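Student: Structure incoming, see below.
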Amino acid sequence: MEEAKSLEVLPMPRKLSTLQHYHNLDADKVLNAYGKFGRYQMFTYFMLNSVTILFAMNMMVMPFIVEKPEFYCQLPDNLDKANYQSIDSCTLIDTANKSLKCTEIRGTRYDFNSTVHQSLASEFNLLCDDYELTEHASSIYLFGGMLAAPLITQLSDRIGRPGFGSTGFFHTAFVLCTESVSTPFRNLLPALPAIVWVIGYLLSGVFRLFIADWRWLYFITSIPGILTIPLFWFIPESLHWLTTKDNYKAVEKYIQKANRFNGVKVSLEECRTSNGERHENKEPINRPNRTVLDIFRHKGLLLQLFLNSIVFIVMNGTYWALSLFSTDLSEDKMTGFFLSGIVELPGGLLGTWLLIKFPRRAVAACGFTLQGLTMLAAIYIPGSKSVLMIFPLACKVFNTMIWAVTPLVASELAPTTVRNTFTGLVSFLGDVGSVLAPYIKRLEAWDRNAPALVMTLASFLAAGCVLLIPETKGKKMPTDIDEFDSGPLRRLFAKTAPENRKSETNPKPDQQRILSQNEGE
């Protein structure tokens, strides 16, 4: 009895009592306490976006790898060249006025203006009718990145946000950026990615000016990806993710380091979540480990997955259709490529400015509408090639404006417990547009204006879908599924799911706050 009594008065171990101070913290409140431009948060922001340069270089080299080389049909010496007249690089006519393909004449070969294999087409003779095979190369290349997204993002929700390799970092970096900065700064979040992406885009063109061989070009633009490996140990973990995983030791380490870096000591008591009774006792909130199955079980999340995927399919498909064929914009291939990259800078910065002034949905819907109208104008307004080049470039500006908004919205609306999994699925399904983009020119066999018309209609469809996505500007990002806003169509699901009606009748404090915000939309 005496022994039991003595055990009751033993003090709690110091380390445990210290960690209790970090229970039930609101990550947004902590980040906001460091100010809009907290130094530690800006360090994370700049470090993460530096990798975008490498990813852009790696991706934007593809137009050069599959570009059509300059060549002509070389007749053998034993044939009288006077009996054949060249129509184009692929076709000849003989004295009987019969049209012949270059490969139909025995002994002919393709002769290139360069002795170096500048692309896949020249090395493997994918020319004339066979040039369409290069579309498969572009599609497979983009398909590889598509497959990486769901795996990497699912892992980042389970074991942590930072990744490595240019592709791995790119798929997790934007979510980590969103979770690492203050709420007011999220409006400015797309500015730096827009700048560094254009730098990487243009660098791939600069390398192309000095490296003719496509193999070496791809190697030079890909190998810098190994530089991202050390960043795995330098990039701070997401405070949002750490709090949902109840990793209080890591939360303590993050806050102590952020305090030193920022020269500010935040008040933990002022940074607690709103559920007062449990927080006064500092009892941890135990949250379930979420998986991709939770997204498919939740009707609201499933609806938003569907809507965001359509938006990303159109956004990705338009971007890659414009980028892959940018070398065809001008008589000089490099001029078209560089112009298509440069116009992305004003587009991204314009999108960022509009995010500050207007709601997210309005900016995205406006961007898709203008993108569609620009492609429609390209169909009906006549002009020379140099004049008509204005329309795809203007379309690229509006598409880049959309890129400044929609990834941010997808990150903000998803709960922290499945945020990377959700955005990874959206990216995966959205990359269907990227994979199909190389084939869009095949529609010209049906009608010359068919590609532009398809992109126009798809843009208007995406604009409609955007209006059904919840507004996220200035709102706290949901921690778990019970805080998730299903968007304007949530009442439809409430009518079909009795349990949803019951939960909305007696909502939790956090849910009540979200519902009251939505009523004001």
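Cβ coordinates come from backbone N, Cα and C, glycine included.
Note that the coordinates shown come from a computational prediction; the quantities given were computed from them, not determined experimentally.
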Student: Between 4-22, 422-440, which stretch does TrEMBL give the note transmembrane segment?
Tutor: 422-440
Student: What residues elsewhere in the chain lie close to the transmembrane segment (300-322), defined as a C-beta under 8 angstroms and at least 6 residues from its ends?
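Tutor: That would be 142, 294, 340, 364, 368, 371, 392, 395-396, 399-400, 402-403, 406, 409-410, 413-414, 418, 422, 425-427, 429-434, 436-438, 440, 451, 455, 458-459, 461-462, 465-466, 468-470, 481, 484-487, 489-490, 493.
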Student: Does the structure show the transmembrane segment (216-235) and the transmembrane segment (42-66) touching, where I'm treating 3 or more Cβ pairs under 8 angstroms (sequence separation 6 or more) as a contact?
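Tutor: Yes, the transmembrane segment (216-235) contacts the transmembrane segment (42-66).
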Student: In the same chain, who gets a Cβ under 8 Å from the transmembrane segment (334-355) while lying at least 6 residues past its ends?
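Tutor: Same-chain residues near the transmembrane segment (334-355) but 6 or more away: 60, 63, 187-191, 193-195, 197-198, 201-202, 205, 208-209, 322-323, 326-328, 363, 366-367, 389, 392-394, 396-405, 408, 473.
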